[in-house]
Amino acid sequence: MASGDVLSPEVEVFQQNGEVEGEVDENFSESPAASPNLNDLRPKLKAKRRAKRSPSKEDQQLSSTNGVNVSQLSRSKPRYDRKSRTAYGRGLPKKGGAGGKGVWGKPGCELDIDGVIDEKDPNYDSDAQGNYELETIAPELTPEEVEKTIKPVIQEYFEHGDTNEVAVTLGELNLGHKKHEIATHAVSMALDKHDSHREMTSRLISDLYGKILTQKEMATAFDSILDDLADLTLDTPDAPHVVGSFIARAVADDVLPPKYVTEYRGSGDSKQTRAALDRAHVLLSMKHGMVRLDNVWGVGGGQRPVKYLIKKMNMLLREYLSSRDIQEATRCLQELEVPHFHHELVYEAVVTVLEAGSEQVDTAILMLLKSLADAIILTVDQIDRGFDRVFESMPDIVLDVPNAHTVLERFSEECHKEGVITNRTKAKVPIRARKRFVSEGDGGRIKE
């Protein structure tokens, strides 16, 4: 460009600033013919200007006190300073020096950590992680442990009859896939028991269904019983009959489906198995069978009427006096399953002695009472209560048996010698005083 050429105002400003961001097009030349219009170059040429901010009070105070220009100090700061360079803010570092990507955080922040939660962290301390509730997990029992644990629980149930206690006790055990053995052991143990225990077993199975045992586990339990029925028959000859009644009662209680009897598929189809299934089919096919199955085991124990029990005990004494078989009499008494009502047997036995007035009857009854007392079938409390009832009934007995007091004194003395009654009962025996008259002419006045 020649020195005499006159420049436009835009080009003159551009040369004065001397700062151009970007590059000019390579096709630009100084020749007048090739030079384009300057307005076309304006979008490509940008002047870079620094942002100016108003001085703050701190800067003014600093400049007034020290006489140093603040703008010169700000330009002398190093490039790695992380303070804000914008016109906003006080120029402090972000987040107190803890901000930014890939930084270590605020100094001392590692001391503010409450605790380590990750268990794989080497600094993990289980005692310092707060309050935790520990859940006890019992190991699964082996088949031997299952049998040793379940049988005592069922045996205790035959004593107290509380199904809820059994459910709570068995619920605490980890039986795993062997839960069906609860019903298996219960039915197996009930085979050697009386009808009252079998009734309790049926109630236990019904109450455990839905709480601990499912329908599938119940079916598995009865499958196991039917498979082992041939061996159970060796110890209990009527096992097929009893197991068939258990199956029918389970169907009536909705523990087993009705199709179980007709669609049974066991590992073996023995003669005993078919007999048990036939028994269950007959009970279920009866008219109103489902209702009658509620009493399939009969009414036993204390549920029987008192008159029925008294009649049974009188019959027991008559048969004993005829046969003098103490073992048979003992068996018949235990089959009644009324240990709380044994004082009735003692009462009826003593009244029989008073009414008979025979030494043979006295000896037979004494032998029976002594045998039952030695076997602890008759407890001391039941014997004392039976004799007390006789003592209270003596005014009525004397009307039928005038010499009842004499016979009672003799029999009580023999029972005391054999250890059947205690000293307290012996001292309570009523003694009828003999009447003595003064003379024939005293008008029948009793001598005092």
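Placement of Cβ uses the backbone N, Cα and C atoms for every residue, glycine included.
Note: TrEMBL annotation is automatic and uncurated.
If you check TrEMBL, you get these features:
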REGION    1-105  region 'Disordered'
COMPBIAS  29-38  compositional bias 'Polar residues'
COMPBIAS  44-54  compositional bias 'Basic residues'
COMPBIAS  61-75  compositional bias 'Polar residues'
COMPBIAS  94-105  compositional bias 'Gly residues'
DOMAIN    145-266  domain 'MI'
DOMAIN    308-431  domain 'MI'
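This prediction places the mean pLDDT of the domain 'MI' (308-431) at 90. Taken residue by residue, the domain 'MI' (145-266) breaks down under DSSP into 90 helix, 2 strand, 30 coil. Look at the domain 'MI' (308-431): DSSP puts its residues at 99 helix, 0 strand, 25 coil.
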